[in-house]
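Visitor: Take a look at the following structure, please.
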């Protein structure tokens, strides 16, 4: 094994840099191209700031298609509003006639 000059920084050692530049390709060969390609492409790790994709905004003129729903009147209670009272009367009258 060759001795490396101790005055050189580790990233400047011979063989530390690949001979070809990094590409945007995600094939197996390019994912193992160098340490950076392996971590970002192969493992999907990036420590940089993540950009949020914004949805394309609709122009103001497209508000026409959004019709407002008219206010509905408050619905009445379901069923017969005097239902329980009448049913009690019916039960009482049936009970009186069956002695």
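Note that Cβ sites are derived from N, Cα and C of the backbone, with glycine treated the same way.
Among the features that Swiss-Prot reports, ubiquitin cross-link is placed at 71. Annotation comment: Swiss-Prot describes 28, 50, 51 as N6-acetyllysine. Summarising the annotation, Swiss-Prot assigns asymmetric dimethylarginine to 52, 53. According to Swiss-Prot, the region 'Cysteine-rich' annotation covers 22-37, on the basis of sequence analysis. What Swiss-Prot records for 38-48 is region 'Core'.
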Visitor: Roughly how many Å separate the Cα of the residue listed as 'ubiquitin cross-link' from that of residue 53 (asymmetric dimethylarginine), to the nearest whole number?
Guide: 36
Visitor: Could you put numbers on the helix, strand and coil content of the region 'Cysteine-rich' (22-37), residue by residue per DSSP?
Guide: 7 helix, 0 strand, 9 coil
Visitor: Could you give the number of helix, strand and coil residues in the region 'Core' (38-48) as assigned by DSSP?
Guide: 5 helix, 0 strand, 6 coil
Visitor: Whole-number Å distance between the CA of residue 52 (asymmetric dimethylarginine) and the CA of residue 28 (N6-acetyllysine)?
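Guide: So the alpha carbons of residue 52 (asymmetric dimethylarginine) and residue 28 (N6-acetyllysine) sit roughly 28 Å from each other.
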Visitor: How long is the line from the C-alpha of residue 28 (N6-acetyllysine) to the C-alpha of residue 51 (N6-acetyllysine), rounded to the nearest angstrom?
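Guide: Between the Cα atoms of residue 28 (N6-acetyllysine) and residue 51 (N6-acetyllysine), the distance comes to 26 Å.
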